[in-house]
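Contents: one structure, followed by commentary.
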Amino acid sequence: MANSRSIEKKDSHSTIKVVLFCGSTGAIEVLEKFLMNVSQKNLRAALVVILHRKTGTRDLLVRYLNEKLNVMVKAIEHGVPLEKGVIYIAPAGYHCMLEKDMTLSLDLSEKVMFSRPSADVSLESFSYNLKDRLIAIIVSGANSDGADGAKCVSRRNGKIIVQNPTEAFAKTMPSAVIDSLDKVDHIVTTKELYKTAAKYF
Amino acid sequence: MEALLEISENELDDFIQLSDKLYGIDFSGYALESLRRRVLRLMQLKSCDSFTAFKYYLANQQLSDEELLNEISVNTTEMFRDFEVFKFLKDEVFSVLETYPRINIWHAGCSTGQEPLSLAILLKEHGLLRRTVQYCTDINSEVLAQAKKGIYELKEMKDYSANYIRSGGAMSLSDYYVANYGKAKMNRELGKNMVFTKHNLINGTSFNQMHMIMCRNVFIYLTTAQQNKVLRLFIDSLVPRGYLILGVKESAVFSTVLNELEIVNGKLKIYRKKR
């Protein structure tokens, strides 16, 4: 019994898809609009949120989203296994990565682009271990963190969806991603972000 | 960033074996993603554009053992980090520690010493410092040397100071250091009962009976198997009912030795040995 369960688990691990939502200044509002579409039933992927936040910010965002949404929202702790239908929020002050066994890991190494968590770090790590099962979303933000990471995602056949910079509160981050790539899979309006991502899971 | 560099799983394995063979450093218990990132960073730092080039670099021993260790391990730390933890220790744990005639505290992976100093300040304010011995260990002798000096950037003191106050500190942080040349030197008194020793958690043994062990943000760099080994070491090093404090984003929940620990505060990752 235990054996068959572990096989089943392993199997779902090798097929799990992940949506990695990255943003900075002005991204919370976009995230909120994005999440209004989410329900336990239609989220057939794990959703991981990487937002630049001030260190010391407590998990207010997690509490707020848990109250508001009909989906499980978890603050990421080191070693937590990814499950589909769950939303994971990266803590301020740590880089967030994905291990080969589909557990999330944290790290306190140097900031990248003045940021920890950094979208570059997460995009690189998630795409390394997920290849084409990663759907990356990059939205509003005031620095170019995410542009290098997006190159890794693209090279490893993941999907890239960018919020149309003209709609972004701060357009540097989405623009930098677009500029860094030969081809972006989708550049869409805020409203279309969820629908576009959902095509892939 | 390392965007254009790649190393495969096999190459990372190669690195682990090479470091062990040539440098005598065993990275096999390290969490893979963090390790892979550190290796990529080091490759970039040494201008190696492929793993083959990097292997050549390592094989020719162009780094000292210390350098390799320092570049791969992460030493980020600060004073009164996660102030809620320090507040909890002060409000709930000190009254227990107080009952011991001599208090042994182990800071496992103390890095540049900010945590032992933070604790020393609070212990002093509660009249416990003079009967406490703080054992400060790290695998990295360079950070230990810095910890011994107790000299930090003055500009960091501003953040530390805010967290000191939020921890419930009774004075002003500036009462505990002397500022000069853009640096802050912590008062000698705080470090008087600190013992600094090089100790490797990967293969180290127990060296005393501790009333409290602080090991925050070390487990995030270890594999689950290695975490369990270290937890075993900690449990064996604690007195009955001794305290263990892990990082707030770390968790002993996934551990096999969990039944030997009681959760004192799940959010702050404060545990207590059952007996």
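Just so you know, glycine gets a Cβ as well, placed from its N, Cα and C.
TrEMBL annotations: computationally assigned, not manually curated.
What TrEMBL says about this one:
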- A:12-178: domain 'CheB-type methylesterase' (DOMAIN)
- A:Ser24: active site (ACT_SITE)
- A:His52: active site (ACT_SITE)
- A:Asp145: active site (ACT_SITE)
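Cα separation, A:Ser24 (active site) to A:Asp145 (active site), rounded: 9 Å. The Cβ of A:His52 (active site) lies under 8 Å from the Cβ of A:Gly23, A:Ser24, A:Thr25, A:Ala27, A:Ser115, A:Pro117, A:Gly141, A:Asp145, each on the same chain and at least six residues away in sequence. In the predicted model, the domain 'CheB-type methylesterase' (A:12-178) shows an average pLDDT of 93.
Within the set of active-site residues (A:Ser24, A:Asp145), the lowest number of other Cβ atoms found within 10 Å of a Cβ is recorded at A:Ser24.
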